[in-house]
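> From TrEMBL, here are the annotated features:
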MOD_RES   A:Thr181  FMN phosphoryl threonine
TRANSMEM  A:20-38  transmembrane segment
TRANSMEM  A:44-62  transmembrane segment
TRANSMEM  A:69-89  transmembrane segment
TRANSMEM  A:95-113  transmembrane segment
TRANSMEM  A:120-137  transmembrane segment
TRANSMEM  A:203-226  transmembrane segment
TRANSMEM  A:233-253  transmembrane segment
TRANSMEM  A:259-278  transmembrane segment
TRANSMEM  A:290-308  transmembrane segment
Amino acid sequence: MALIRLSSPHVYKANSTANVMRLVLIATLPGILAMTFFFGWGTLIQIALAGSLALAFEAAILKLRKRPVGFFLSDGSALVTAILLAVALPPFSSWWVTATGIFFAIVIAKHLYGGLGNNPFNPAMIAYALLLVSFPVEMTRWTSPMTQNGGGWQIASFADTLQAIFGSVEASWYDSFTGATPLDALRHRGALTTEELWRSSDVLLNGVGAWYAVSAAWFMGGIFLLSRKIFTWHTPLSMLIALFLTASAFYGFDPDNYISPMVHLGVGATMLGAFFIATDPVTSATSNRGKIVFGALLGILIYIIRTWGSYPDAVAFGVLLMNLCAPFIDQYTQPRTYGHSSANRGMKGKN
Amino acid sequence: MSKVFAFHGGIHPPENKKQSTRAPISKAPVPDKLVLPMQQHIGGPSLPLVKVGDTVLKGQMIAEPISRISASIHAPTSGKVVDIAEYPIPHASGLSAECIVIEADGEDRWIEHQGLGDYKQLKRTDLIEHIRASGIAGMGGAGFPTDVKLHLSEDHIVNTLIINAAECEPYITADDMLMRERAHEVLGGIEIIAHILRPSHVLIGIEDNKPNAIHALEAVLKHTDLNIDIVVVPTKYPSGGERQLIKLLTDIEVPSGRIPADIGIVCQNVGTTAAIYRAVHFGEPLISRIVTVTGDAVRHPKNLEALIGTPFSTLLEACDVRPEALSKLVMGGPMMGVTVENDQIPLIKTTNCLIAATEHEMPAAPPTQACIRCGMCEQACPAELLPQQLYWFAKGREFEKAKHHNLFDCIECGACAYVCPSSIPLVQYYRFAKSEIRTEERDQQKADHARQRFEARQARLEQEAAEKEARRKARAAEAAKAQSQKTAVQSSEAAAPETAAPDAKQLKTAAAVARTKLKKAQKAYDEAAALNADNLAELEAALNEARSKADEAEKALASSASSGSEGGDDQSKQLKIAAAVARTKLKKAQDALKNAEDKGLDGVDKLRATVATLEQKANEAQQAYEKAEASGTDKAPVEVDIKALKQQVSIMRTKLKKAESAIDNCEDEADKTRLGQEVEELKKRFEQATAQFDKAEQVLVERAAQAGIDLKQLRIDAAMARAAVTKGERSLSKAESDEERSQIEQDLVAARSKAEALNQTLSQYE
């Protein structure tokens, strides 16, 4: 009978980081399915490509860093990063775009900063931002949703999609399957009012429904994670409310020049960002109050960048900017501890 | 029914309580040997009252509290103390500490004990003292001495008494079973505590997973006239934490760094109330407790009433342990309990549970993964801290930040570590950070003390140097002054004997004269008697007269001789002279009378009358002188007496001792009796002498005090002055340079004059 001495507690909840990541992966399924349904095989191929590259890069860098490879690979964090980047990329992006992005996300943004838990920026978003700045043409060539042309379920074949990603296709092929996203269309409006633009644009007339549907799928996945207490309601809710309120204010003031708040919530990466990107615990604020501040500022930033910035979507840049602010927000949003009349602020101060 | 509030966080670990509540509480066997650690409570360790080899009775106090916050320890059974030494104790450190080991004699013989009867008639302080003497300390796990908490009503207003019956940790059912089976003891204890603290309201906080205990309590509560409410709280760990329970029951938070009494609340564990009940009503000190023995490695998990000091192995055997299945032995609950490495470790007052866990039941924690700041710990933390931030600060040794994030409000409940998906041993990090901070603070305090001491020393040295300089100057001035005083004193001294000496001489002469006269008178009488003269009667009278005068003169001389230089003042001198003159006249007249008588002259009658007148005058003068002398030299006899008396006292003492030792040595009974009488006599005389001496000394001291001088101080000063002179002489002999020497010489002169002046003053009074 060899007894050992250990520090309390002696029991643990059956839970693990791998479990958390697995749940996140499960929660992305509705979104992935919706995207595949509306945009074709590209999304799935990108996910497969990004996932295997991410695991390969992760294994390689862990080996270089002399860390136990199997142990850290099994936490699933690399896969989550890969999926989030893959669904953010245009489905027909070339393989080297995806490879560059994954390399940057896993090797530079994550492991060079110390690995899981130590990265200041969301790896998927920083990779996306890098790609958007470096390869603007490839990154804005979004697949048109199959609803856009009104001809039923018409998507590029699996073989063509593989060809587009790993080989090369004629430029005209792209013309028939890709187009502007709703946000692109709304950006480049010329002198038209919102209503005129809405009536004249294919993507806005027929295609936007697909975007709404995809957003709804992400939303469902988010609610699932919320119900499993993987994250709290604070960040997504405050972000969506802030975005909605800001958009409402401008839309109510001048509906001709500004876009309806419902469109803001339904298109682009709003729902994906609210439930899968902004809630990344590593890079966001930590306390409940901090998460509310983080989400609200992110919502406002998204609106500002979408409306007045030079890029059509703003979730990636908004998240990266807020990642920078998170440590600062943490300092000023400590919760009020039991037995204290008020919360501590800042790093120093009387205690 | 009181409202239940909520506290932040909390977790719902598997309860595992059912296993140990199937069987009623049974008595654990009395082991052969009991090991009683001197520290079973928070506060100072107790001090053993027994030695190895002593026989003790059940309930006998064997160790007493040495400080305010400490508890006494009693022998759990009768037997013999076989060792007082260091043994492994049930503590997280796994260290050993001082224990008393008792070998049970199997008789289990009680010491005489009885209850207090109607405790409400007692003074409350006496009641609390009785509880302290019974060695009762909080039985919920922390072991805070109960009497200290009961004293709280002296300087706090206690509105609410909370009885903690939550028992929120998994596995533990000791309180549950106690309430089920002995609810009247719990109530009795509550009544005693309520009598002492006089709260307006008593709340019993109990988790809703103990329906049987709630029913049992409700049944006994019907018979009390106290304002007691049972508050059933939802099962959630750690609702039994003192601060969490207070929040649950009252919605008040205990301010950080304060105690519940500061907000008018006192908490007592339900087990403690039963212990108080037994101590007050039966006079039984805390020598046993109910302990849950459970876990998958015992076949019959149950609650045992076991003696304090019983080794865990005895308890495990009583529940049919499967040694091959046992992988972890936890004292306390799985959340905050302590693992022990050794099943010989004894049960102590705070041991509410013993979990014999199998490997499957409590597997080793999985390897730690990276913290992803998921915030689950934050949602579970009952103190509303940011555990993940504290973890990062502790890991990075950023202790200032950790303190700023209220690390010290952490109650180490383990909820954060329980929920952590990355299996990080968070509580260990907090313990590490806390101890590091405490060490730093101690070091800081030490450094501060050292600095203060150094600064104080510097200041003192400077002050001393300044004082020395001032003293040196003062001495120089004093030396000059003393020099002039000395000359004055010397001159007055020289004058004194001169005036006194003649006096003594005169007296001597007078005495001699008186003696001669007496002789002459004797001779005359003898001759007259031989001649058968008719004036024989007259001569006889003259002779007697002369004799008494001579005596008087002798006496006066004696007294004057002993009084020394302290002779009379001017008046007494004059009187003396007057007396002497009167005597001379008398003598002349006597001579003339004698002559006339011898020759048978006519003027005899006349002369006789003259002589008689003169005699009268001489007598008067002498009397006046003596009277004046007696009043004028009041001091003198005392001063003379003091030394003599002292001597006498010491002589008497020596005699007494001798006589006593003689008695001791003497074998003959008759001799003994005789000697005894002698000793008695000597004793009396010794006492008389001592009394006289004391009286004289008292007079002396008073007189000195009247003169404004403290005799003692004077003596000390004189001694110091003499020492200073000696020192000065010594350093003079060592001095090398001339300059130095002259300086020392100056000092020495001053010191000498001072010493002399002091000696003189002293001699005046001694």
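Even glycines carry a Cβ here, placed using N, Cα and C.
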> Would you count the other CB atoms within 10 A of the CB of the residue listed as 'FMN phosphoryl threonine', including those on all shown protein chains?
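If we count other Cβ atoms within 10 Å of the residue listed as 'FMN phosphoryl threonine', we arrive at 23.
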> Using a Cβ-Cβ cut-off of under 8 Å, list the residues of the same chain that are 6+ residues beyond the ends of the transmembrane segment (A:233-253) and lie near it.
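Residues 222, 226, 259-261, 264-265, 270, 273-275, 278-279, 284-285, 288, 291-300, 302-303, 307 contact the transmembrane segment (A:233-253) from elsewhere in the chain.
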> In the same chain, who gets a Cβ under 8 Å from the transmembrane segment (A:259-278) while lying at least 6 residues past its ends?
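Here the qualifying positions are 24, 27-28, 31, 84, 87-88, 122, 124-125, 181-183, 186, 194, 208, 211-212, 215-216, 218-219, 221-222, 225-226, 235-236, 239-240, 243-245, 247-248, 251, 284, 294-295, 298, 302-303, 306-307, 312-316, 318-319, 322.
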> Quick check: do the transmembrane segment (A:20-38) and the transmembrane segment (A:203-226) share at least 3 Cβ pairs under 8 Å, counting only pairs 6+ apart in sequence?
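Since 3 or more Cβ pairs under 8 Å link them, the transmembrane segment (A:20-38) and the transmembrane segment (A:203-226) do come into contact.
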> Please indicate, using numbers and ranges, the residues of the same chain that are 6 or more beyond the transmembrane segment (A:290-308) and have a C-beta under 8 Å from a C-beta there.
183, 232, 234-244, 246-247, 250, 258-259, 264, 268, 270, 273-274, 278, 284, 314-315, 317-319, 321-322, 325-326, 329-330, 333
